[in-house]
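Have a look at this one before I ask anything.
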Amino acid sequence: MKLHELQPAPGSRKERNRVGRGIGSGNGKTSGKGHKGQNARSGGGVRIGFEGGQTPLFRRLPKRGFTNIHRKEYAIVNLEALNRFEDGTEVTPELLLETGVVSKLKAGIKVLGDGELTKKLTVKAHKFSASAKEAIEAAGGTTEVI
């Protein structure tokens, strides 16, 4: 086989259908759009959720709730992830970022209690769940809110 003999796999490339190029093509004259009507026009067609003029579902249902513009999103760290550190390590947000436990600090770090903690660590974070705090202290470590 030579370079000039290379061909795409059969069926992997389909020729583009050019419409409006004569009736012999099967897609001439009206270009597959039928005669007149909304869908034959440029920009024709209805928007998503259109129900033929009937009040659509999204307008029949009431509005609910709001978006809290002051919402803080914390980077989540589970206890399991803290086992990678040596005994007696002071775990800070900077260390977690450095070691790749979290990819972004966001509004801070929140430690959650998923998994087992076997190491004695000093953990500094912005928030702790009750179960995480309990588990860290049970393992002989300390927690510090920053």
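Quick reminder: no glycine exception, Cβ is built from N, Cα and C everywhere.
Annotations for this protein, taken from Swiss-Prot, read as follows:
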- 21-31: compositional bias 'Gly residues' (COMPBIAS)
- 42-51: compositional bias 'Gly residues' (COMPBIAS)
- 1-51: region 'Disordered' (REGION)
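Thinking about packing and proximity, how do these listed features fit into the structure?
Break the compositional bias 'Gly residues' (21-31) down by DSSP state and the numbers are 3 helix, 0 strand, 8 coil.
Sequence-distant neighbours of the compositional bias 'Gly residues' (42-51) (same chain, 6+ residues past either end, Cβ-Cβ under 8 Å): 57-58.
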